[in-house]
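The structure appears below as structure tokens.
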């Protein structure tokens, strides 16, 4: 029996990759490309000292430690930088070159394209309707339920109606939350629970360690901490590539690159398939 890991920052086996010991690397500087590229402090954080344990196989306490570390890194880097991007590339299919389960945290001195787009659309919706767009969206999806995958008292996961990847999902809080650091203890606990439930379903879909890219989006930081960011809502995106089996993936090519994305499954079909999957990991089922 493995003892629970109290923090992803305490493993001697991962000491070269711990957030507290991480080397902060400047990838490019503002002087090189004014207005286009900025400073990128980048960090890598291992989830667990055991390289065979991915998030769906970790305990709730261990996942909660990861969430707390995310919030700490967001606060640390967000004190100086406008955007802190937490993301995980899982699996070789998503370009992950290090098999030890880990995530990355990049901070930038500007808002990247996706952040700028979400800033604009959420601000426009809030100015027109007086409510955060994604909070209203979560309420509508919770009522309709046709694209709902899993839910608990604080969170829900849906296949969004705009999904282009086969089993793409969106993780949303039920209350208005700007950033990870704003989550209370009970919300962090329930986040650990719903993340594990979702990721177990992903692994169970094709009985494989399910590859994906995921990341958190929240209100901008740095100088934006002094601004009214009430139009923002914290959320996480999951983009998995697998389509029909553990080896058959979706490719965004041809017409999809030159015209628009094509769907192999409707969001409702994808949600129904995920919803029907068991919440006990296939590796842990009695033989």
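Residue numbering: from 1, along the chain as shown.
Cβ from N, Cα, C; glycine included.
Annotations in TrEMBL come from automatic prediction, not curation.
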Original post:
Among 118, 119, 136, which residue does TrEMBL annotate as binding Fe cation together with 217, 235, 237?
Top reply: 118
Original post:
In the domain 'Galactose-1-phosphate uridyl transferase N-terminal' (43-112), how many residues does DSSP call helix, how many strand, and how many coil?
Top reply: 25 helix, 19 strand, 26 coil
**OP:** Starting from the Cβ of residue 118 (Fe cation binding site), draw a 10 Å sphere and report how many other Cβ atoms land inside it.
**Re:** 21
